[in-house]
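One structure is given here, and the rest of the page talks about it.
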Amino acid sequence: MKKKLVLIIIDGLGLRLESQGNGFALAKTPVFDRLFQEYPNSLIAASGQEVGLPEGQMGNSEVGHLNIGAGFVVYTGISIINNALKTGKFFENEKFILAFRHSIKTGFPLQIMGLFSPGGVHSHQDHLFALIDFAANFGVKKLNLHLFGDGRDVGPKSIKPWIKMLNLKLKNYENYKIASISGRFYSMDRDKMFDRVELGYNALLGKAENTFTDPIDYINFQYEKGVSDEFFEPAINLKVNKKDFLADDHPVIFFNFRPDRARQLSHLILQTDLYEQKPKNPIKTDVFVSMMKYEGINCLVAFEEMRVENPLGKLISMAGFRQLRLAETQKYAHVTFFVDGGVELELENSDRILIDSLKVQSYADFPQMSAVEITDKLLEVGQNYDFIIMNFANPDMVGHTGDLKATIKAVEILDFQIGRICKWAEEKNFDFFITADHGNAELTEDENGNPSTKHTTFPVMLISSDKTIKLKSGKLANIAPTILDYLGLDKHPDMDHDSLIIKDK
């Protein structure tokens with residue numbers, strides 16, 4: 001008889017022994033407590049080299065879901081680009097050179113934009129520093145930087161030392177300037193909040209209510225208003241000539257390598273067919289370089305990604321299983337696009353259900369997010385499927401606020417929903433595996449009681465509802481082979497990692 005299975009991916013829930021600042025350990029979680037005590041479980045590595053990132057680099061949702069679906073370690077953006085820097089191939093990149101030549105030929109400034117931090121989730125400031133040196137050595141005369149404050153994958157107010165480093169570098173180049181600053185809340189939205197994105201976009205054009213002549217002074221001004229890096233109000237540098245802000249035919253390099261939060265701003269600049277929203281102040285440029293491919297955005301791509309040709313969902317579909325993908329808006333792309341290898345696959349016998357995320361200023365005020373509605377939908381339609389991949393977003397998204405009490409509440413709400421799923425699975429003859437894509441909620445306050453808003457390097461869980469099996473520890477790349485093994489299906493030869501189900505000798 002064909003087994004029916006749910007793969008529950010909890011976003012941003014790692015395992016950490018210390019209870020201080022630990023939104024998981026401090027929460028009341030009777031369901032998780034019972035699962036850990038009574039059911040097969042093991043530890044899963046979800047960061048650093050184990051998921052294709054640099055050593056010590058915290059995991060993230062994109063990389064986590066890619067590895068879960070691939071069955072092998074997927075080397076992504078930061079690792080590919082860092083390797084190009086190490087080998088020197090970065091400084092031979094034809095797409096960058098094309099943008100440089102266009103700037104030199106036309107006399108228009110090169111516009112470089114992206115998330116400015118060492119967070120390594122969406123971008124890395126070292127890549128920007130390398131681009132500046134590359135452009136200068138190639139002969140680019142004018143260069144404008146449009147920096148997005150992070151405050152999420154790094155500390156909430158951590159940008160100043162890096163701006164000071166950047167200013168020291170820019171002193172070497174007469175017409176290289178920080179032209180605009182905005183928070184990622186504006187310039188990197190992914191929830192179709194185009195009213196926000198347009199404010200970030202307008203700053204690229206030199207149109208903003210806020211202005212500055214010294215970036216550090218502006219950052220201090222924002223801090224005095226209680227505004228952290230993530231939420232910097234878009235502002236422009238009065239020392240930059242109006243005609244030198246982004247305009248028709250200016251070459252652009254977007255140095256974010258992760259696509260999901262780069263697509264909307266890229267769409268406004270290029271006016272693609274990806275979204276209906278059009279900018280109120282359109283410009284036209286044919287020289288737009290993205291660091292990696294942004295799905296749905298037709299532009300020059302500096303670095304090619306690793307290809308996942310035979311992800312878990314494809315093999316499940318080929319085996320004749322009817323499958324469902326279920327998540328709320330914040331993580332919908334992750335249980336579809338990313339878990340399928342970073343491409344939009346149309347799979348036979350496969351449905352997708354999107355539950356709308358709440359449109360709010362802060363998820364700390366709504367720690368439940370859409371967890372209840374997701375569970376409701378599973379209980380309503382789940383029995384119609386053989387294999388389900390679902391995601392709960394609230395430990396990660398609430399953890400990103402750095403609000404420990406709200407994170408504890410988010411975990412407690414999640415625990416109750418997992419309990420509902422356990423009962424449903426038993427009634428409907430479903431099995432389930434629970435894992436997570438990376439850590440976050442388990443470290444929401446540092447040792448000094450300050451908010452910690454970033455992901456972590458702690459391992460995550462793998463729990464099975466089947467008491468007849470035993471699990472060994474592994475990494476996210478072991479998840480797909482484990483699922484296939486459990487369902488009695490062969491893994492694809494591309495999957496070089498093994499099942500974590502311990503076989504009797």
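Heads up, residue numbers simply count up from 1 along the chain you see.
Every residue gets a Cβ built from N, Cα and C, even glycine.
Remember, predicted model here, so these are calculated numbers, not experimental data.
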- Out of Ser61, Ser473, Ser499, Swiss-Prot lists as part of the Mn(2+) 2 site with Asp11, Asp437, His438 the residue Ser61
- Item | Residue in Lys28, Lys314, Lys331 which Swiss-Prot records at the substrate site where His122, Arg152, Asp153, Arg184, Arg190, Arg258, Pro259, Asp260, Arg261 also bind | Lys331
- Query: Taking the centroid of the Cβ atoms of Asp396, His400, His455 as the Mn(2+) 1 site, which other residues of that chain lie with their Cβ within 8 Å of it, listed in sequence order?
  - Reply: Asp11, Gly12, Ser61, Arg152, Pro395, Met397, Gly399, His438, Asn440, Ala441, Thr453, Lys454
- Query: Residues with Cβ closer than 8 Å to the Cβ of Arg261 (substrate binding site), same chain and 6+ apart in sequence?
  - Reply: His122, Arg184, Met188, Asp189, Arg190
- Message: Taking 10 A as the limit, how many CB atoms besides its own sit near the CB of His400 (Mn(2+) 1 binding site)?
- Response: 26
- Task: Return the member of Asp11, Asp153, Asp437, His438 nearest to His400 (Mn(2+) 1 binding site) in space, with distance defined Cα to Cα and candidates limited to these binding-site residues.
- Result: Asp153
- Quick one: of Asp11, Asp153, Pro259, His438, which binding-site residues lie within 10 angstroms of Asp396 (Mn(2+) 1 binding site), measuring between C-alpha atoms? Sequence order, please. Asp11, His438
- Item | Nearest of the recorded positions (Ser61, Asp153, His455) to Asp437 (Mn(2+) 2 binding site), judged by Cα-Cα distance | Ser61
- Task: Have a look around His122 (substrate binding site) and count the other CB atoms within 10 A of its CB, chains all included.
- Result: 27
- Message: Taking 8 Å from the centroid of the Cβ atoms of Asp11, Ser61, Asp437, His438 as the cut-off, which other residues in that chain fall inside it around the Mn(2+) 2 site?
- Response: Ile9, Gly12, Ala46, Gly59, Asn60, Gly64, His65, Lys331, His334, Asp396, Ala436, Asn440, His455
